[in-house]
Structure formats: C-alpha cells, structure tokens
Amino acid sequence: MVTIVLNKYKLLNKIGIGQQKLEDLLFNLKSEIKPVDESNIEIEINADRLDLLSSDGIARAIKGLLEKELGEAKYDITDTEYKLIVDNVRTRPYALAAVIYNAKIDLQELIQFQEKLHSTIGRKRKKVAIGIHDLKKIDSKRIEYREVPLSYKFIPLYEKEELTISEVLEKTEQGKLYGNISISNGVSPAIVQEDGEVLSIPPIINSDKTKLDESTKDLFIDVTGTSFEAVAQTLDIIVSNLAEAGGTIGRVKVIKTDNSFQQSSPLLIHKIQNVREEYANKILGIKISEEEICKHITRMRMNCNVENGIIRVTVPQYRVDIINEIDIVEDIAMSIGYNNLEPSKYISTNYGSYDYLTLLERKMRELSIGAGFVEVFNFVLIKNEKILDSKYVKILNPISEEYNAVRNSLIPILLDFLSKNQHAKFPIRIFETGDVVIYDSSTDTGFRNDKRAAYAIMDNKVSYEDVQAPIHYILKTLGIEVNYKEENNDIFIEGRSASIVYENEKIGVIGEINPDVLIRFGIEYPTVIAELYITEIAKKLNKR
C-alpha cells in the first residue's frame with residue numbers, strides 16, 4: 001500500500017460529495033481513509049494504482065463510479081516548439097518530456113505525487129526519476145539530455161551559490177541519497193539548456209533556476225530512467241493527472257542523437273484488452289450481460305464496445321495496472337461493489353496432506369536426532385566467498401554482502417557454523433535439512449530447487465568412518481541399501497571421500513574435509529561431512 005495525505009475539503013469539493021460517501025467509494029477502489037487532523041486525511045492506496053496518487057486522479061475515478069463522467073477522460077493536447085535531444089547517457093539511457101500549460105497546481109500535493117511515483121514505479125529513483133520545472137524560467141526551446149563532467153557547475157535547488165556536481169554529492173542531502181545511482185566514470189546525466197546551463201542532474205536534484213513557486217502555471221516535465229516502458233508510463237500518468245487539474249498537455253519532440261528514436265512525447269499509450277462475457281461471469285459468480293459489463297467498464301473510466309460478441313476495452317494511458325483480462329474483471333467487481341457480490345462457498349472433495357518429500361524430510365530429521373546429531377538452522381542465503389562450487393545464483397542487489405548468493409550445498413554453511421563454534425564441547429555433531437538451488441541446464445532458469453540433508457562431526461580426532469556409520473544407519477532404517485564409490489573432490493582429502501550410490505544413482509557425498517578448506521573457513525580441528533540428496537532419494541522411494 002502507498003499512503004498519501006490530502007486536504008479533505010479540496011478533495012470533497014472537486015467531487016461534490018460528503019466524507020462518508022468518499023470513504024465508501026474509495027473502499028470499492030481498494031483504498032482506505034484515516035483522519036490526520038481537521039483539514040487533512042490519509043489515504044492508503046493499492047501500490048498498482050499509480051493514477052490514484054493525487055487528488056485529481058482520485059476525483060477522476062470517483063466521478064466515474066458516481067456516473068458524473070463515464071469512459072476515458074479526454075484532455076486538451078497541443079504541439080509545442082520544444083525539443084528534447086537525447087544523447088548517449090550510459091547509466092540512464094532513456095528520457096522523455098512534456099509541457100503542461102495553465103494547470104491549477106497545488107505545490108505541496110504535486111511534490112508528494114512526484115515522490116510517491118519515485119518510490120513506486122521509480123524504485124526510489126533507480127528505475128525512473130522525474131524533474132518538474134517552471135516552464136517560463138527555461139530560456140530555450142531546445143533542451144538536451146547528455147553526460148557532463150563532475151566539475152560542471154550549477155546552483156542546486158534551494159542553494160544560493162554555484163556548486164560542482166562533486167560538491168553536490170558531498171554537501172547536499174539529495175546528493176548523498178541518490179548520487180551513487182547514476183554517476184559513473186567521472187560523468188553524470190544532466191538536463192541542460194541549449195546554452196549548456198543545467199536544469200537538473202537526474203536522479204539527484206533540479207537546478208534552483210527552474211524552481212516552482214505559487215505563481216507557476218506552466219511546467220516542463222522530464223522523466224529519465226533505465227526502462228523505456230517505465231519512463232513512458234510515468235510521464236503518461238503525470239500529464240494525465242495534471243490535465244485533470246485543467247492543464248493542457250504540450251507535446252515535446254524527442255530526438256536521439258543517433259537518429260534511432262524520433263517521436264512526440266508524451267506517448268499517451270493506449271491498449272486494447274478483450275474480455276469474454278462468460279469468463280467475467282465465471283470469475284465474479286454472477287450473470288450479467290455484455291451491455292452491463294460495458295457499463296461497469298465505462299464507470300471505471302475506460303472505453304468499451306462490443307464487436308462480434310467480443311468485448312473490447314480501450315485502456316487509457318493512466319491505467320498502467322491493467323495487464324490482462326483478469327484486471328478488467330477486477331475493475332468490474334469494483335464498479336459493482338465488493339459488498340454487492342455474494343461470496344461462494346468453497347466445496348472440496350479432497351483433503352490436504354503432506355507430500356512425500358516433506359514426510360521423508362521429517363523422518364530423516366527424527367532419525368538424525370536419534371543418531372546423536374543436533375539440528376541447526378541456517379539462512380538459505382550465504383556469502384558467495386564461502387561457496388565451494390562456481391555454479392551458483394548470485395544476488396545482484398543484496399541488502400548485505402554477507403547474504404549475496406543462494407547456497408547450492410549445505411556443506412559450506414555447516415563449515416561456517418562449525419568455524420564459529422569451535423569453543424564448544426567436543427565432539428560437535430550437527431545436521432541440517434533444507435533447500436539449496438543447484439545448476440540445471442534443462443530448466444528455463446538454468447537452476448532448480450533441491451532438498452538436502454548434511455551431517456558434520458568435528459573433534460580432536462575424527463575419521464571417515466565416524467560419519468559413515470550413522471549415515472548408513474539412517475539410510476538402512478529408511479529401507480535404502482547403498483554402496484560407496486570412491487570419488488575425488490576438492491572439498492575432501494584425496495582417497496578419503498566417496499559418493500553414496502543407490503540403484504546406480506548418486507544420492508550423496510561423504511568424506512574428510514581437506515585441510516585447505518578447513519583453513520579457508522578458519523577451522524582448526526579435523527572435520528568429516530556427509531550430504532544426502534533428499535529430492536533424489538524421494539524420487540526413488542516414491543516409485544516403490
């Protein structure tokens with residue numbers, strides 16, 4: 001959910017209803033109201049409804065439910081002489097722009113709208129950043145988006161003196177928060193006038209030159225980012241909501257310097273989504289006609305018509321949450337009102353139960369405890385430096401470097417556990433069962449989940465046989481007669497390791513840990529480990 005704060009009286013006046021009616025209609029739109037003070041309300045909005053993140057977007061939607069306005073909202077659009085020349089900006093290659101004329105602007109609400117878009121579709125400005133400028137303070141109709149050196153100077157928003165971009169990164173709060181997103185190789189993306197004067201350094205900060213004030217009515221809006229689709233959608237939403245406030249949308253000619261793109265912006269992208277009458281009725285559990293379906297769709301501010309028995313919905317540019325047929329059906333439910341839909345009873349002829357893999361894992365845990373091992377629980381994520389195999393899943397944006405990869409074996413994580421518990425009373429006998437993600441070229445992703453169990457013993461003196469005996473007992477109790485086939489593995493001492501084989505298939509490994517591996521983990525005592533592949537064992541046993 002996304003939370004916005006709006007002036008209650010301004011919103012009610014825009015729609016022409018009372019607060020209770022507003023609460024009821026917002027509930028239909030999956031939103032809730034909480035009072036903040038006498039004048040302001042807090043509204044929780046579903047994160048996919050970006051068009052509702054301002055009072056104008058909310059008013060547009062509710063006017064549809066009230067049938068004051070039906071179908072897609074129509075806005076005044078005009079061509080302008082403004083051009084945005086887009087150069088090769090390596091860290092944020094995509095940019096679009098638009099002009100808004102004569103909009104009724106609430107500065108506080110506009111800034112909130114901008115920041116909520118930054119935090120949602122913009123992924124905290126990493127994916128999309130928005131610059132909003134007072135159009136009358138821009139001196140040229142040719143605007144450029146290009147890279148500039150960090151020595152480039154301009155006056156940042158709310159500052160009095162010129163700073164270099166390097167100084168902005170060091171001295172301003174915005175620079176500290178967002179400077180690492182787009183700076184690379186000593187250059188930064190920049191929106192500049194034809195004479196080179198900076199208008200903004202996306203995604204960090206605007207220039208003070210084009211600062212908005214209470215007299216601002218005309219806007220120049222730039223949107224930059226790493227995804228063209230997200231950039232286009234963001235700009236479409238902004239200009240649509242500002243046009244709802246009475247503004248006229250001005251098109252800007254966007255031209256790539258390599259001539260790979262030349263188009264008027266905003267794109268105002270519409271799409272056609274077909275809906276089947278029988279599908280909608282089945283999902284909703286009701287019986288309504290094609291005409292009734294179309295009526296509800298127009299109440300949700302989309303156009304609808306029926307052609308040869310097919311319901312065609314024109315999805316406007318501000319409804320980026322509509323992806324496929326089920327989203328249209330959800331909108332029909334909102335128009336009808338969830339309170340007006342009767343919940344159907346779920347009747348099942350089956351009953352739930354654990355699958356065989358889960359039952360086998362539970363049985364192995366019981367047997368492992370009975371064999372004298374203590375169960376430990378570790379995270380599925382691990383530091384990649386601790387992984388002993390080169391084929392693993394690495395996380396591109398980890399919260400911590402300690403958890404930047406997904407484990408592909410339980411052996412490293414048990415060794416890591418032992419390294420931190422060498423002070424404990426010997427012998428240390430531990431085991432863990434859990435998921436790993438292993439390389440598999442036959443899958444769509446190249447990896448698959450696997451369930452495993454691993455056993456480790458650390459003592460002043462310990463050998464292969466100390467772990468083989470309990471493993472053999474556990475497997476035999478499960479009705480599994482295995483063979484041990486010598487196998488050399490860098491993890492283990494040469495000649496002191498084996499693969500565990502059942503019905504000619506490898507179901508595990510066992511051995512004495514190589515001293516080099518022990519040194520790598522900071523372990524000072526001999527250690528033996530076995531790992532069993534529960535998923536493979538389950539496949540074998542389940543066929544019996």
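Just so it is clear, glycine is given a Cβ too, placed from its N, Cα and C backbone atoms.
Lifted from Swiss-Prot, the feature list:
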DOMAIN    268-343  domain 'B5'
BINDING   Asp321, Asp327, Glu330, Asp331  Mg(2+) binding site
Next on the checklist: List the residues in the vicinity of the Mg(2+) site, defined as same-chain residues other than Asp321, Asp327, Glu330, Asp331 with C-beta within 8 angstroms of the site's C-beta centre.
Outcome noted: Arg319, Ile322, Ile326, Ile328, Val329, Met334
Checklist entry - So what sits near Asp331 (Mg(2+) binding site) in its own chain, CB-to-CB under 8 Å and at least six residues off in sequence? => result His296, Ile297, Met300, Met302, Ile322
Checklist entry - Over the domain 'B5' (268-343), what is the model's mean pLDDT? => result 93
Checklist entry - Taking the Cβ of Glu330 (Mg(2+) binding site) as the centre, how many other Cβ atoms fall within a 10 Å radius? => result 16
Item to check | Cβ packing number for Asp321 (Mg(2+) binding site), 10 Å threshold | outcome: 16
